[in-house]
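Trainee: Let me give you the structure first, and then I'll get to my questions.
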Amino acid sequence: QVAAASGHTVVLVDQSDEILKKSTKGIEESLKRVTKKKFADKPEAGTEFIQKALKNITTSTDAASVVHSTDLVIEAIVENLQVKNELFKTLDKFAPEHTIFASNTSSLQITNMANATTRQDRFGGLHFFNPVPMMKLVEVIKTPMTSQKTFESLVDFSKAVGKSPVSCKDTPGFIVNRLLVPYMMEAVRLFERGDASKEDIDVAMKLGAGYPMGPFELLDYVGLDTSKYIIDGWHSLEPNNPLFAPSPLLNKLVEEKKLGKKTGEGFYKYK
């Protein structure tokens, strides 16, 4: 959506036409919300903006057949290294030499994905934040093999879609999640030890640190399964790092399928 709205030609690829129809409709709804704010006093200009953006998007269920005319591939599929590597391996065969590959992963190593291709120098990370149309940040990740030219192209693209890029090496969680996930886990440990209630911890961080959400509200929003997946992955990389120690309470809630807002219950209950 942000690429199309900023004048880029986009091919959206997914597994079925049904998913793609739903996605396109979602983008249209989202664009309408953006234009309500952006063109409050000029509804005609708003309508034109939506039509222009949607015209820039086509859809396909076959990534290999559309990649030959692409300058940049941004992968945002399931957080599973094997599945991502299979995709990149295939696309690497069909993509032109100049095409840059990027992953929107939040927790997996970019270097591992780059190594599945023959274009390690044209491979980097572009980590966007949810909801992407609202959030200004993009983390641009440079592996030891990423060329300076590739890195600069990814930074330029981030700016061209109206975002503020920050740069980071290929380290677990990059910048934001590397600080945020251990913080949320530490909040869970504080609660597990019985040192404070989750409600008081949330209020404390909102009023004391000026955070828009407390750590337990944030965990429920992100999804407890996602948070567990990230911390488990990092724990296997650095088993002796106390910041990455798993939490029995988090594991129990995930086992009970209490995954947060999306299932109606996590640390809190939702109607």
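Glycine too: its Cβ is placed from the backbone N, Cα and C atoms.
TrEMBL: automatically predicted annotations, no manual curation.
Positions annotated as CoA binding site by TrEMBL: SER30, LYS37, SER106. Residues annotated as domain '3-hydroxyacyl-CoA dehydrogenase NAD binding' in TrEMBL: 1-171. The domain '3-hydroxyacyl-CoA dehydrogenase C-terminal' feature in TrEMBL is assigned to 173-270. Residues or ranges marked as site 'Important for catalytic activity' in TrEMBL: HIS127.
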Trainee: Considering only the binding-site residues SER30, LYS37, SER106, which residue has the minimal Cα-Cα separation from HIS127 (site 'Important for catalytic activity')?
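Mentor: With Cα distances computed to HIS127 (site 'Important for catalytic activity'), the winner among SER30, LYS37, SER106 is SER106.
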Trainee: CoA site residues SER30, LYS37, SER106: biggest Cα-Cα distance, Å?
Mentor: 29
Trainee: Could you tally the C-beta atoms, other than its own, that fall within 10 angstroms of the C-beta of LYS37 (CoA binding site)?
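Mentor: Its Cβ shell of radius 10 Å holds 8 other Cβ atoms.
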Trainee: Can you tell me how many other Cβ atoms are located within 10 Å of the Cβ belonging to HIS127 (site 'Important for catalytic activity')?
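Mentor: I count 24 other Cβ atoms within 10 Å of it.
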Trainee: Given the binding-site residues SER30, SER106, which one's Cβ is surrounded by the fewest other Cβ atoms within 10 Å?
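Mentor: The binding-site residues SER30, SER106 were compared, and SER30 has the fewest Cβ atoms within 10 Å.
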